[in-house]
Amino acid sequence: MSAIGQTASITLITGVPGNGKTLRAVWYMKSAIDSGVPVFACNVNGLQIDGVTDYPDPTKWEQLPAGSVLVVDEAQKFFRAGITEKDPRTDSDTFGKQVVPLNIQAMETIRHGGIRLILLTQSPLLIHANIRALVGLHEHMVRQGGKQLATVYRRSRVMDNVRSEKALLAEDHESWAYPRECYGLYKSAEIHTVKHKLSSKAKRGIMLAIVAACLVGYAIWNGKNLMGGGDKEQAGTPGTGASATGSGVLGGDNNGQVKYAGKSDYAAKHLPRFDTMPWTAEVFDQRPVVSDPQVFCMSSMPTASDPREASCTCMTEQGTRYDLPQPMCRTLARNGAPYNPYKDVRQQQQQQHQEQTGQVAHQNQPLQLGGSVIARGTREVGSFPESKPYATATSVPSTTADL
């Protein structure tokens, strides 16, 4: 049995239609059957897993054998929020006291019977509050732009605000690829037919990248024109060594300067092959490396003393901002940068040693105080008052030319 059935007596799986919550439940059921666990299912459309028993009334879950797992799809139909029933312990046949259904009250001691429930619904708010208070594991499914992939947000208790992206980012989460081997084990109206589409954030990111590339290309082209436009003559003169290549980059001129087919080609050569590794841009393949690009990321989470929303920021070794998607930024902040085979650790250690040696030598030099010495001599006449002072009880002697 998968970990979901071993760690929680009541598991809640939520997600809007087409996000993969039923597929994940089918995946769990198949794993449980393979482990020899008795599995019962209710309201799962077209379920075709050998060994799974149909159980039409999940409100009678107490009648299941010990150690069983019951999966209920669209659980709000049976355990809807606010539902009550007349207390069967009252004698009145007309106006009995309304109480929480006894089958829901019995879930308070569900662990004693060894029965485990997996409830599926679109929102946790659709499920009775008593059940939400007893949930030991909550998984919320969010499909990634129509891909055969979903982000699973997880917590050991109910996540009430599953509609807030900011709140979900603070939860433990992972990407889950849809298991294609489970597609034929049940009938789904949307999970296999939704077409992939880019999110609005991805579209804005692509547009910004195109605009940035055009601006960089124009700045380079305009800068060359301001310098005199000599590159055009060199590119068209025979014998200068410029030649077209299959990649669109022209050969170097007599000064060894690389030529490009156009502005878009120049911008393309400067785009990194991997977002987290700027040094993987094609421009670094053939030209000498004069810097060692690095990316440093730092993430923060809201706390009781600092309730600000979660954020993640990346900077380069030059102190400039480096934009990355939030999940990728948090991965770098948590695990550090990926391995860089071009980084010369020995040279960096040697440079640090030289800097430390220079600091020690500077500290060992004798202390030198600034200042100057004025020699004694005779001042020039007229540079100081020559008149004698008035005679008083404490008279001042006549001034002299001696300093």
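Each Cβ is built from the backbone N, Cα and C atoms, and glycine gets one as well.
Pulled from TrEMBL, these are the features on record:
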{"type": "COMPBIAS", "residues": "347-363", "note": "compositional bias 'Low complexity'"}
{"type": "COMPBIAS", "residues": "392-403", "note": "compositional bias 'Polar residues'"}
{"type": "DOMAIN", "residues": "9-53", "note": "domain 'Zona occludens toxin N-terminal'"}
{"type": "DOMAIN", "residues": "60-190", "note": "domain 'Zona occludens toxin N-terminal'"}
{"type": "REGION", "residues": "334-403", "note": "region 'Disordered'"}
{"type": "TRANSMEM", "residues": "205-221", "note": "transmembrane segment"}
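Away from its own ends, the transmembrane segment (205-221) comes close to residues 198, 262-264, 266-268, 270-271 of its chain (Cβ-Cβ under 8 Å, at least six residues beyond either end). Taken through DSSP, the domain 'Zona occludens toxin N-terminal' (60-190) splits into 39 helix, 36 strand, 56 coil. The average pLDDT computed over the domain 'Zona occludens toxin N-terminal' (9-53) stands at 94.
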